[in-house]
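Pulled from Swiss-Prot, these are the features on record:
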- SER103: active site, phosphoserine intermediate (ACT_SITE)
- SER103, ASP248, ASP250, ASP252: Mg(2+) binding site (BINDING)
Amino acid sequence: MKELTCFKAYDIRGQLGSELDNEIAYRIGRSYGQFLKSENDADKTVVVGGDVRLTSEALKQALANGLMDAGINVIDIGVTGTEEIYFATFYLGVDGGIEVTASHNPMDYNGMKLVREGSKPISGDTGLREIQALAEKNEFMDVEVKGNYKKVSLLPEYVDHLISYITPAKIKPMKLVINSGNGAAGHVIDELEKRFIELSIPLEIIKVHHEEDGNFPNGIPNPLLPECRADTANAVKEHKADMGIAFDGDFDRCFLFDENGDFIEGYYIVGLLAEAFLQKEQGAKIIHDPRLSWNTIDVVTKSGGVPVMSKTGHAFIKERMRKEDAIYGGEMSAHHYFRDFGYCDSGMIPWLLITELLSLAPDISLSKLISAKRFLFPCSGEINFKVKQAKLIMEQVYLHYYENSIHFSAIDGISLEFEGWRFNLRDSNTEPLLRLNVESKQNIALMNDKVEELTKLIKKLDI
């Protein structure tokens, strides 16, 4: 029985040929179908979609064949971003959904993201290990009645849902640069543009790298990397736009640029979105991760909301949101989660909400909004250290700082707070890395000093 190394902690990702091919995709379909059928033998339906990668369509069809051979009905919604699968799964009330995507991974990779009913995530401890075991064993139960297959477009319904997050009459005239990175976002932007015209929403869109093209002629879209930001930034400056928006390949993350073309750290976007929601629903709960938190806590508290800290990672955030009935959850990594979107992440909802937030304060630019937050709570951004013994170093760092700290949390790694500054240090689930985030209160020099101090200590301990 050969191990399938494409199964990761939270999803499926692998190099084409050696780790993932059509035959393995078929087995994953059979396995997921058998996994669903093991709960009860009622009719089951799964939604499938795929991004623009050149191999996604063939993998999706193999996956669909596996599902149907397991007795599962398949609804194929075509070329999609991951969030379109999330939407289709909860909107149609079906039993699960699978998106074929490798997001921002290299060209020779592909993968899958799986959810079950209500778009609840399937990851290591919620079914993915069982599906992996079935796929590796490759011995499937006989099925008397195969599932059926149909193609459906839900784009109009999905765009209706996106528009529901804003009040069209409140939107002021604005010029937006949108860089789809030749990924799956293009068709959604086109449909949104039509809807803006129909509803007299005065948003002008300048499109960059718009055509969906699995060859990715302008490089793999991953705006988290500084080298992937120039085209968006330059277009914002050239067209004198009010905001720039850039997506990764399956557009589950969006990255924002102010009117000067400057990239905005995801941390500060969490605060903006929290404020936008608390203007709509006073007293709501907002979930945030512990890596950087002071700005979010400050905004939420001042806006009359309740900040709730959760461990980093989509499965943890979604679970905590459901438990708390939180309206919104945000991570500094540009993942934003919404209660009314099945507690799932969306890359489209954030920028729509921020256009409304800017419209409600028409004399304040995006750069002014963000610079005020950067001044109050300057942050380092995430700094990665490749180390030999991550957990041992974390323990030593904790012992070094704990005595002088005023607050400690182990929700995710170690978070220690002091007068005027704090840090979070956590190890990666998948790589031999330590990830450091430092922030301060109105003191950039202190923040930089502490980054240097912690960097020296971590390197000294890595022996």
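Every residue gets a Cβ built from N, Cα and C, even glycine.
Rounded to the nearest whole angstrom, the C-alpha distance between ASP248 (Mg(2+) binding site) and the residue listed as 'active site, phosphoserine intermediate' is 6.
Other Cβ atoms within 10 Å of the Cβ of SER103 (active site, phosphoserine intermediate) number 25 in total over all chains. Reported as a whole number, the C-alpha separation between the residue listed as 'active site, phosphoserine intermediate' and ASP250 (Mg(2+) binding site) equals 5 Å. Residues ASP51, GLY81, THR82, THR101, HIS104, GLY183, PHE247, GLY249, PHE251, ARG253, GLY347 surround the recorded Mg(2+) site, their Cβ atoms falling within 8 Å of the Cβ centroid of SER103, ASP248, ASP250, ASP252, which are themselves excluded. When the binding-site residues ASP248, ASP250, ASP252 are compared by the number of other CB atoms within 10 angstroms of each CB, ASP252 has the fewest.
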